[in-house]
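S.K.: Before anything else, here's the structure in question.
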Amino acid sequence: MEEIPPKDSEASSKGSTAQRSFQTYVVLELNYEAPPATVEWLLSHIQSPKSRGGAQLEAITVLNHKGQDNIPVIGSLMGKNDGPSKPEKIVHLSIDTERMLLLAELMEIRKVYADGTLREFLREDRDNFKDSDGTASAPYDDPDTFLTTSEKQRIILHELESVHSTDPEPKIPGCPKLTLYPYESIVRRLIEEGVISKLYPLHEPKILEQLGQKWYAKAGYQPISEIQQYFGETIAMYFAFLGHYTMGLIPPALIGLIYWFTAWEDINKNVFFAIFNLIWTTVFLETWKRTSVQLSYQWGTLNTTQHERPRASYYGDLSVNPVTGYREPHYPKWKRQLKFYFVSLPIIFLCLVFAFCVMVLYFWCQEWVEGYDKAEGTWGSMGVLYLPCVVYGVVIGVMNAGYRKLAVTLNNWENHRLQSAYDNHLIFKLVLHDFVNCFVSLFWVAFYMQDLSRLKYLLTSLLITQQLIGQILEAAVPFYFYRQRAKGVVKLQEGGQEKKQEGGLELVKDGETTESTQDTHKHISESTKRQAELESVMEPFNSVLDDYLEMFLQFGYVFLFSSVFPLAAFWALLNNVTEVRTDAFKLCRIFQRPTAQPTDSIGAWQVAFELMGVISVITNTALIGMSPTVQASLGHLGPVNMLLLFVIVEHMVLGIKVAISYLIPDTPDWVDVALARADYQTKQVWRKQKLQEIHSSRLKQEKESPELTNLRQRKPLITDL
């Protein structure tokens, strides 16, 4: 690879021979067909001051000769080039230490103060923040600042996405057909148009190796604190919830195993197990609320969503925010609602109808196969008997994946202002469709066909099939393709090193620095260049949305019909023990480093899981009432009285769930005390500042009015009395 020095470093490089190392935090990869004018314009904005719409970041461009692996064309926007592949440009981004601290202050990042409380960072008060000298207790060696690596990368990406054009009618040089919205994010737009092919934070191999040894390499508790420092709060919150959910599956899994090997058809055990599961889901979800509050407080993200800023992809007419006073895009709410109610919802409804039709087709195929099995009666026909259910499970996964792309497209088109609103609407779309797609067949068998044996068979097939497919598609397949791409990159790197040797240049070892055409400008080590090349062929990790959705559907399979299939929790527990390791492995070894995002909870997923718990009460109560044993025992009551009885039981269980949710407080006492103390101290500081301002104002008035000062200092006379 060839390093391209910054243009402005040429003049200053002649008077010194010292070189400075360049710490790469984020990598931006440009498409090899991007017009030079567009590239130069983008880089100038990245490095230009904030006052001119730039990010004021440090950037070094490196040529990467693997253009054939990138996007082939960007279309008529830039003109198609059918000639030989060109070298890509990989831009390594960094930032000055003092500027990073300034941005941490502006972004209101909370750090631990000397008294143990969490406060928004202030540069002038940095000495009073814990570990501000760089000797943090976490295992991350950072002598420049006490910010974690995820916080540093989040700061750079925040500044990068805020780059905008200050022209009244902004145009993109080299792409005459592209016009930016006023104050639209340049980087986001160029990513959408394919000019920027990849944007990702760079991994830190040594730290990642230490984290992996504690995480996926051995069984035990997850290092949630270290995960948060490396990957950010959103990733850490997901793994904390996955671990909490996995531990919550242990009691129902053990009881289910015991019941499976004993008299499961005993109605008393059946009812007890169902009620236990329904109450246990409430305990599990309520204790998770406390855990999430505790974690978000320790990470400094508790109650930070109320100051959320607009998304980088949000567009609209420029206006002044009445709360903050900042100029930002504004998009009318009524337009967004029209898009949602009159376009998105009808499309979602059509998708639900299609899912229902697929379910009907499955039952038709199943009935035909069962008839064929009765006619033939061979081992081959018995194997075919299970084929429709397995195929249906695969089709459900394919339909979910296809609908996911449609939901993201609709969500982007609706143009939500805040990231939380964007996520909530996307979760609503995905949960609504996948709930119907995955569970409509189970509801049909349970309450229309009223065939409990078929329900158990179908539930078992869908749960195990989708878990096996998920494990293969999530880790094994991406790892295989990554290995194939990485082999090609390694061959290119080895070929480039051989050429250097033939030309009389020495190979650069890991950790050493490359020769630079300029002596004083910052340079990138050869190991960092090779690392960026390898990570460029990794798959991007978009979000944990799919992982939450997978967990939500599993939660439904386990608890919606727990009275029919007691081993569901056991199979889910086995899957989740593996899921923790495979998810950790793919984050550390297969995918690019995800962008660190702050969060204080699992968001709308908490509501989704709670609603699933309420639906589980209704379904399990109905299933118990439909069981032959209950029908035989309580048949003398009559249909109306039996229905009334089970409605009363269902309401009693719901009442117990509500009572438990109130008895378990959402916030631990020590967090309430810490928040109250921080609020009190903030008010005291504000009061002290106000008193100082009043005192300063009085002194200023006295200086400007000597008569007033003399009048105050004059002793009272007898005539004054």
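Glycine is treated like the rest: Cβ placed from N, Cα and C.
Relevant sequence annotations retrieved from TrEMBL are reproduced here:
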{"type": "TRANSMEM", "residues": "235-261", "note": "transmembrane segment"}
{"type": "TRANSMEM", "residues": "267-285", "note": "transmembrane segment"}
{"type": "TRANSMEM", "residues": "340-364", "note": "transmembrane segment"}
{"type": "TRANSMEM", "residues": "384-403", "note": "transmembrane segment"}
{"type": "TRANSMEM", "residues": "426-447", "note": "transmembrane segment"}
{"type": "TRANSMEM", "residues": "459-482", "note": "transmembrane segment"}
{"type": "TRANSMEM", "residues": "555-574", "note": "transmembrane segment"}
{"type": "TRANSMEM", "residues": "602-623", "note": "transmembrane segment"}
{"type": "TRANSMEM", "residues": "643-664", "note": "transmembrane segment"}
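How buried are these features, and what lies next to them?
M.R.: Listed by sequence, the residues of this chain that lie at least six past the ends of the transmembrane segment (340-364) yet keep a Cβ under 8 A from its Cβ atoms are 388-389, 392, 395, 399, 403, 406-407, 410, 414, 425, 429, 432-433, 436-437, 440-441, 444.
Within the chain carrying the transmembrane segment (384-403), a Cβ under 8 angstroms from the stretch's Cβ atoms is held by residues 351, 354-355, 358-359, 362, 365-366, 369-370, 372-373, 430, 433-434, 437-438, 441, 457-458, 461-462, 465-466, 469-470, 473, all 6 or more beyond its ends.
Here the transmembrane segment (426-447) has Cβ contacts under 8 Å with residues 344, 348, 351-352, 355-356, 359, 362-363, 392, 396, 399-400, 403-404, 407-408, 410-411, 454-455, 458-459, 462, 466, 545, 548-549, 552-553, 556-557, 560-561, 564, 603-605, 608, 619, 622-623, 626 of the same chain, all six or more residues outside its ends.
Proximity of distant same-chain residues to the transmembrane segment (459-482), defined by a Cβ-Cβ separation under 8 Å and at least 6 residues beyond the stretch ends, is recorded for 386, 389-390, 392-394, 396-397, 438, 441-442, 537-539, 550, 553-554, 557-558, 561, 564-565, 567-568, 571-572, 575, 578-579, 582-583, 585-586, 589-591.
Outside the transmembrane segment (643-664), and at least 6 residues removed from its termini, the chain residues within Cβ reach (under 8 Å) are 275, 278-279, 281-283, 286-287, 289-290, 613-614, 617-618, 621-622, 624-625, 634, 637.
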